[in-house]
Amino acid sequence: MRVKLKNVFIVYFVVSLVGLLCALLQLGQPCDCSQQIQAERRRGRERLRAEQRNGGARGEPRAEDGGQALPTIYVVTPTYARPVQKAELVRLSQTLLHVRALHWVVVEDAAAPTALVSRLLATSGVPFTHLHAETPPESRRRPGDPPWLHPRGAEQRNRALRWLRDTRAPGDGGVVYFADDDNTYSVRLFEEMRSTRLVSVWPVGLVGGLRLERPLVAGGRVVGFHTGWKPERPFPMDMAGFAVALPLLLERPQALFDPRAERGYLESSLLGALVSPEQLEPKADNCTQVLVWHTRTEKPKLRQEEQLQREGRGSDPHIEV
Amino acid sequence: MDDGGDSQRDLAAGLDSKEYCLSERDIVEVVRTEYVYTRPPPWSDTLPTIHVITPTYSRPVQKAELTRLANTLLHVPNLHWILVEDSQRRTPLITRLLRDTGLNYTHLNVETPRNYKLRGDMRDPRIPRGTMQRNLALRWLRETFHKNSSQPGIVYFADDDNTYSLELFEEMRSTRKVSVWPVAFVGGLRYESPRVNAAGKVYGWKTVFDPHRPFAIDMAGFAVNLRLILHRPQAYFKLRGVKGGYQESSLLRELVTLNDLEPKAANCTKILVWHTRTEKPVLVNEGKKGFTDPNVEI
């Protein structure tokens, strides 16, 4: 049968018309979305008001998707007193303030909570829990010890794990991330880790003597690790390079950091009790993007300060730095 | 302004008032995208704009520094970030970073001339780092804003490795000419600070290093009203022949006298900015040929 051009046009026209009619019929369908729309408007207004009141703080986590709360990210930060401590915590808090449904667990290496950290947390605008755990004397760094001699922060991170296990219910969702106070975190990193089912991993910049360390991913699974330092470790990655699902930590109450772990094995001491490397979930675009950097802050030169203090003319100690 | 840099984000995006039926998925998606990347606070017609001038140069920690600085600046209302690269061309890394922040920004560049006679192709050491970049930003401001413009603005020089409290930006917003405050970790001290008398006037400098400088203050310790910048078009940072620690004076002496300085931060008794410095990362395992994929941006 010969196909006439005229027929082709007619068929095309009819099909388009039918399609258009279907689309038009979809619009204006009666449905009761008014409640949703009003609820959205109300939430939006409250958010605006809260933001204007708080001068930029992002407020409480919002419910979405029919009332299911967003998994909370518990950010565990060990910290210790030194001149740059306040500066580090201030700029870290400014990043965390951008992340919804986040709870900051700050653990001081101290015999008691300090006024400096208490005040800082209270005014930061970030939901927080303030804990403390003192590193035992034998594990403490002595002047002259290289920084890597004793793993740092193990007791403090374990204290946070204990708090989570004491206060969170087995049904609670959530993700736990160990964030040191001198690293640099992009806001996007936190959204990547939010979907962690067991343990998720991603690259870390400026660590291990390299531009970046990262898990190697093939077919959406972790098949190895790209690192230049001690690659024989079970989990050759930095503390900033993984997050753990809260339910997993609650299921395995024995899983803790080992304060006596050999240098570089602290992460493995926890992760080995939680997952095998094949179970790791790669994030950050199959571990090709750097969303966190292992920055370190210089120790400030305080020579003139020390000299003045020797002369009894040091700066006003009441002015908090 | 480059690349739009429109700072206004319509927070009412989630408040669509159209009455037709939105599916549940539509409402949730609109709201979700609003939060995946943060947005600055809504622009206000009454607040003076703070023009933050940041010189920057390429090195391994650059992206990290600018990321965390952007995270700070995103909290500040009516902020305009002027980022000036020390480079021959504006780099893709910075272009992408600025675009992704959502901040109101201007992206400039000027290369500090290299001194090829020095080993290692160093930049000319007679020109303090960041000077040409800050001066370019001042020139940009003078070319962009008319002298009699009624748009109030404050100019602040913020290096990319310092730490800034949010309170600092609100303190400087009321600057009439030049305001000053203490800075931590400079001059070998816990902090350096202006000396303020009972009448609230600055009469000297609490520093050990050369306290007799005209303005013994760090770059991070002062802000200038935009009007003053525009009315004194010859005021720039001196390029050459500047002794260490006199950079700030080379600009400020063209703008104000000691008497005109406005002390902030509770009469200069609070620390709201820290002169932190970031360690140069150890990249020893990269070796000569490089170990990691150079196409992965850090």
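The first residue you see is number 1, and the count goes up from there.
For all residues, glycine too, the Cβ spot is worked out from N, Cα and C.
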>> Quick check: of B:D86, B:D100, B:D293, which does TrEMBL put in the same UDP-alpha-D-glucuronate site as B:P55, B:T56, B:Y57, B:R129, B:R134, B:D159, B:D160, B:D161, B:H275, B:T276, B:R277?
In response: B:D86
> What does DSSP call B:N267 (N-linked glycosylation site) in the simple three-state scheme?
Replying inline: helix
>> Can you tell me which of the recorded positions B:Y57, B:R129, B:D159, B:E192, B:T276 is spatially closest to B:N267 (N-linked glycosylation site)? Compare CA atoms only.
In response: B:E192
>> Can you tell me whether DSSP puts B:R129 (UDP-alpha-D-glucuronate binding site) in helix, strand or coil?
In response: coil
> In terms of DSSP three-state secondary structure, what is the assignment for B:E192 (site 'Interaction with galactose moiety of substrate glycoprotein')?
Replying inline: strand
> If H, G and I count as helix, E and B as strand, and all else as coil, what does DSSP give for B:D159 (UDP-alpha-D-glucuronate binding site)?
Replying inline: coil
>> Please give the UDP-alpha-D-glucuronate site's span as the largest CA-CA distance among B:P55, B:T56, B:Y57, B:D86, B:R129, B:R134, B:D159, B:D160, B:D161, B:H275, B:T276, B:R277, to the nearest whole angstrom.
In response: 21
> Out of B:P55, B:Y57, B:R129, B:E192, B:E248, B:T276, which recorded positions come under 8 Å of chain A, measuring Cβ to Cβ?
Replying inline: B:T276
> Between B:E248 (active site, proton donor/acceptor) and B:N285 (site 'Interaction with galactose moiety of substrate glycoprotein'), what is the CA-CA distance rounded to a whole number of Å?
Replying inline: 39
